[in-house]
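Annotated in TrEMBL:
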type	residues	note
DOMAIN	27-269	domain 'PRMT5 TIM barrel'
DOMAIN	277-441	domain 'PRMT5 arginine-N-methyltransferase'
BINDING	TYR300, LYS309, TYR310, GLU368, ASP396, MET397	S-adenosyl-L-methionine binding site
SITE	PHE303	site 'Critical for specifying symmetric addition of methyl groups'
ACT_SITE	GLU412	active site, proton donor/acceptor
ACT_SITE	GLU421	active site, proton donor/acceptor
DOMAIN	445-607	domain 'PRMT5 oligomerisation'
Amino acid sequence: MVAYVCLLQEGISNIPKFIEKAIENKYSVVATSINANMLPFEPQESDPTYPATVLGALDWNSKVIFTLSDVNVDSPNAKLRAYAKEVLLREANWAEHLQHSGNVMVSLRGPQNENLAAIVRSKTKDLFPAGNWLIRVPITNPELATFEHRKDATEEDIAKAEAIDPWSWWNNLRLAVDHNPKVKVVIELNDSDRPCKETVRRWLGEPIEAIIIPSSLFIRNRSNYAVLKKEWQIIIGHFIAVRANIIISTNPNDNALNQYADYLNKLISENTDCHAINSYEHVLEIPLQPLGDNLDTYTYEIFEADPVKYKLYQNAVQAALLDRVSDNEAKSKLTVIMLLGGGRGPLARAVFNAAELAQRKVRLYIIEKNPNAIRTLSYMVKTLWANKDVHIFSKDMREFNPPELADILVSELLGSFGDNELSPECLDGALKLLKPDGISIPYKSTSYINPVMSSVLYQNTCALPNATAFDCGYVVLMKNIYHIDEPQALFEFMHPNREEKIDNTRCQVLKFTAKKNCVMHGIGGYFDTHLYKDICLSINPLTHTPGMFSWFSMFFPTQPRTLKEGQTVSIKFWRCVDATKVWYEWQVVDSPEDWEHHNICGIGYSIRLWTE
């Protein structure tokens with residue numbers, strides 16, 4: 001199903017009329033009991049009470065979510081358990097008959113779900129039917145709602161209830177079905193207990209199909225219109241931002257259905273980011289090899305669509321020109337700038353804009369190894385920069401012999417991890433191009449890592465056909481992600497590096513602490529870079545440059561492990577270099593045992609130092 005706002009009402013006997021009413025009130029999907037007339041513990045062969053022909057196949061698959069009976073297939077009572085299993089299987093079979101790619105929803109009643117997991121596993125193990133099983137989980141322990149009406153509840157009772165975490169019910173079932181991508185979670189909010197921030201953040205790392213908002217969460221404003229309190233708006237906004245669908249749960253006699261839908265559609269529009277790169281969400285991409293491969297025009301075009309990055313580069317060059325050339329020298333002193341990797345010209349434009357704003361004279365050398373990009377640059381020199389002091393060289397910067405040395409080196413060789421496009425090796429090789437007092441823009445880059453939970457990224461890694469899928473670092477636009485702890489600085493590189501003996505290998509162990517019970521699926525990778533003085537670019541989640549989307553995060557997968565709140569996780573990370581390549585290795589160590597060691601000797605992923 002595409003994104004939807006769904007109306008959930010139980011006990012509906014006429015599904016076509018229910019759909020008609022929902023559509024009239026601006027809902028695109030309905031959810032209801034698969035059989036309103038069935039007595040759960042007295043299944044009759046005559047049930048269900050409606051034929052498959054009341055709707056066409058397209059409507060069954062696209063407009064209906066079936067809620068299965070709330071029966072306990074894990075009951076300690078053997079008789080009840082057997083009856084419950086019979087009921088659930090009969091309903092699941094009927095749903096499969098009606099829907100080959102629809103959704104059925106089943107509720108978790110507590111921590112014991114072995115039998116339910118076995119049923120879900122058996123129903124989702126094959127390619128067909130292609131529908132999803134939606135696991136309905138309360139966001140907080142439902143027992144907490146009863147304390148409002150109980151006078152006998154002690155503080156100990158309340159503390160015990162607060163310690164019960166429904167996420168663990170979901171986690172046990174998720175692990176039992178081996179992270180099956182057909183099994184998704186539906187999170188049910190309730191008006192008696194608002195979840196804390198960390199609880200909400202943790203759910204964002206799960207494969208969320210939807211959130212259920214009971215109509216009791218709505219209040220009336222001064223205009224007698226149904227609205228949500230600010231606190232609930234923020235919580236629901238977080239779920240909307242990770243593409244969670246909305247299910248409104250009401251009773252059949254509710255007459256404010258239209259108001260709920262209007263309000264939620266407005267909230268969706270306010271919390272949904274719509275941009276050209278949305279299609280990359282959760283897509284695992286092998287990082288670019290700009291030294292080994294020549295980029296195509298499609299890739300260049302994506303980079304050039306980011307206005308923030310080039311404006312900051314322009315600001316950095318402008319500030320450097322103003323610092324290095326006084327007003328008295330402005331008309332006489334020439335600054336030589338070398339652009340290392342010109343692409344199709346956006347950084348060159350930034351340099352020329354900076355020179356014009358600073359009113360300083362510059363000579364620009366553009367060094368670009370991609371012969372296809374040289375064609376575009378040459379055209380720009382003839383048509384746009386004919387009156388500029390600009391010179392193009394089709395060379396690898398490490399092999400270039402300049403006619404003169406540069407005052408400023410400008411480069412954009414960062415990649416999503418700061419050094420994974422080999423900026424240290426490239427800029428070290430280009431040091432001979434720079435005057436003794438020359439500077440580099442950028443002058444420092446730092447990589448960051450942290451442990452993350454993301455079922456979707458783990459599932460996507462498992463779906464890759466290669467045997468070394470867990471030995472590769474991926475570039476990915478992360479959406480459903482939970483940061484188990486905040487990122488920490490990993491490797492730092494300074495430019496220009498004038499040390500007598502240069503060593504770009506690195507090894508570091510960082511310790512992190514789980515803020516909540518969770519599952520670690522891998523390691524997030526980020527970077528920030530200082531262009532000039534305090535002008536920075538960052539994709540670190542803590543300091544992300546607003547509006548910049550040129551670089552996605554890195555994801556280094558691990559095999560999933562459940563972590564306890566307060567548990568320490570030590571991550572050991574290597575940057576390795578030999579004569580032909582650079583690669584990363586990673587391993588969780590002493591936590592309390594060592595986990596798998598990934599990408600040993602670059603078996604799954606490495607960055608080539610030279611074109612093959």
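In case you wondered, yes, glycine gets a Cβ from its N, Cα and C as well.
Curation does not apply to TrEMBL; its annotations are automatic.
If you compare every pair of Cα atoms in TYR300, LYS309, TYR310, GLU368, ASP396, MET397, the residues listed for S-adenosyl-L-methionine, the longest distance is 24 angstrom. A C-beta separation below 8 Å, combined with a sequence spacing of at least six in one chain, links GLU421 (active site, proton donor/acceptor) to PRO287, LEU288, PRO290, LEU291, LEU413, LEU414, GLY415, ILE607. Cβ environment of MET397 (S-adenosyl-L-methionine binding site): LEU340, GLY341, ILE367, LYS369, CYS426, GLY429, ALA430, LEU433 lie under 8 Å away, each six or more residues apart in the same chain. In the predicted model, residues of the domain 'PRMT5 TIM barrel' (27-269) average a pLDDT of 90. Close to ASP396 (S-adenosyl-L-methionine binding site) in the fold, though at least 6 residues off in sequence, lie LEU291, LYS369, each with a CB less than 8 Å from its CB.
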